[in-house]
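A short write-up of the structure that comes next.
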Amino acid sequence: MPDKKEVRKQYALKRQQIHPDQLEQWSTDIAQQFFLMNLDQVKYLHIFYPIIGKQEINCLHIANQIREKHPNITLVLPKSNLADFSLQHVIWRADTTLVMNAWGITEPHSEEYVPAEKIDLILIPLLAYDKEGNRLGYGKGFYDRFLSECRPDAAKVGLSYFPPEENILPHDALDIRLDSCITPDKTWEF
Ligand SMILES: Nc1nc2c(c(=O)[nH]1)N(C=O)[C@@H](CNc1ccc(C(=O)N[C@@H](CCC(=O)O)C(=O)O)cc1)CN2
Ligand SMILES: Nc1ncnc2c1ncn2[C@@H]1O[C@H](COP(=O)(O)OP(=O)(O)OP(=O)(O)O)[C@@H](O)[C@H]1O
């Protein structure tokens, strides 16, 4: 099995090499793929605000269209506790004040918390994933801990510019698999 650290490095580099225009195009394509999903059962959608400089998928395309076309869906953003690597979840309204934390992550300043059990669909940032839905993040376990608190029927959806890694990634009992992963040209189901 490939080494987790090596795979993280490889995918972080792969992302850094993409031209910003291409990233924007792919982020738009990913948003388009996202809206092919059936959102009828979704009331709380957990999303992420892209970290400046890490070339993450720009989820703002999804967020903006949710506000325009799905006013019944409430957007939720994570707020990181850097001391214990846990996440809290805060409602992201159009007028919510956002602030940057010590790691350059944009978060709501407000404290309108939502318990993990309420969340119906989670869009998950990742570096790499494989054809079984195993996922590698930045390695702090934030999302593994969070997903373990979610309802079993909550949809766990990764977002990636790339197709799944051919080699099965290292994983253990604590890793929670993705149900699907949206890429610019298709959604992979696991
Ligand atoms: N947009 C976005 N928001 C997110 C995440 C994410 O992956 N993307 N997270 C997903 O987990 C959580 C934050 N997790 C993070 C984990 C590591 C680093 C990071 O940059 N770590 C530095 C070292 C920081 C330090 O130890 O001082 C590094 O890896 O170089 C950032 C965010 C919650 N919010
Ligand atoms: N449910 C959990 N409860 C407590 N610790 C956990 C849990 N899940 C994972 N961890 C711990 O978090 C650390 C990082 O896990 P891992 O390498 O799987 O991170 P990752 O999946 O890359 O990161 P992330 O989940 O933040 O995207 C490991 O030490 C792991 O044991």
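Backbone N, Cα and C atoms are what each Cβ position is placed from, and that goes for glycine too.
Quick look at what TrEMBL lists:
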- Lys4, Lys5, Glu6, Val7, Arg8, Arg135, Leu136, Gly137, Tyr138, Gly139, Lys140, Gly141, Phe142, Tyr143: ATP binding site (BINDING)
- Glu56: substrate binding site (BINDING)
To the nearest Å, how far is the Cα of Tyr138 (ATP binding site) from the Cα of Glu56 (substrate binding site)?
12
Filter the candidate list Glu6, Glu56, Leu136 of binding-site residues, keeping only entries whose CB is under 6 Å from an atom of ligand 2.
Leu136
Over all shown protein chains, what is the count of other CB atoms within 10 A of the CB belonging to Lys4 (ATP binding site)?
15
Cβ under 6 Å from ligand 1: qualifying binding-site residues of Glu6, Arg8, Leu136:
none
Hey, does DSSP put Tyr138 (ATP binding site) in a helix, a strand, or just coil?
coil
What three-state secondary structure does DSSP assign to Lys4 (ATP binding site)?
helix
Neighbour-count leader, CB within 10 A, binding-site residues: Glu6, Glu56:
Glu56
C-alpha of Phe142 (ATP binding site) to C-alpha of the residue listed as 'substrate binding site': distance in Å?
16
In whole Å, could you give the widest CA to CA gap in the ATP site formed by Lys4, Lys5, Glu6, Val7, Arg8, Arg135, Leu136, Gly137, Tyr138, Gly139, Lys140, Gly141, Phe142, Tyr143?
20
For the binding-site residues Tyr138, Phe142, which Cβ has the most other Cβ atoms within 10 Å, all shown protein chains included?
Phe142
Across all the protein chains here, work out how many other Cβ atoms are within 10 Å of the Cβ of Arg8 (ATP binding site).
16
Sorry to bug you, but what's the C-alpha spacing from Glu56 (substrate binding site) to Leu136 (ATP binding site), rounded to the closest Å?
14
Three-state secondary structure of the residue listed as 'substrate binding site' from DSSP?
coil
Please list residues from the chain of Lys140 (ATP binding site) whose Cβ is under 8 angstroms from its Cβ, counting only those at least six apart in sequence.
Phe85
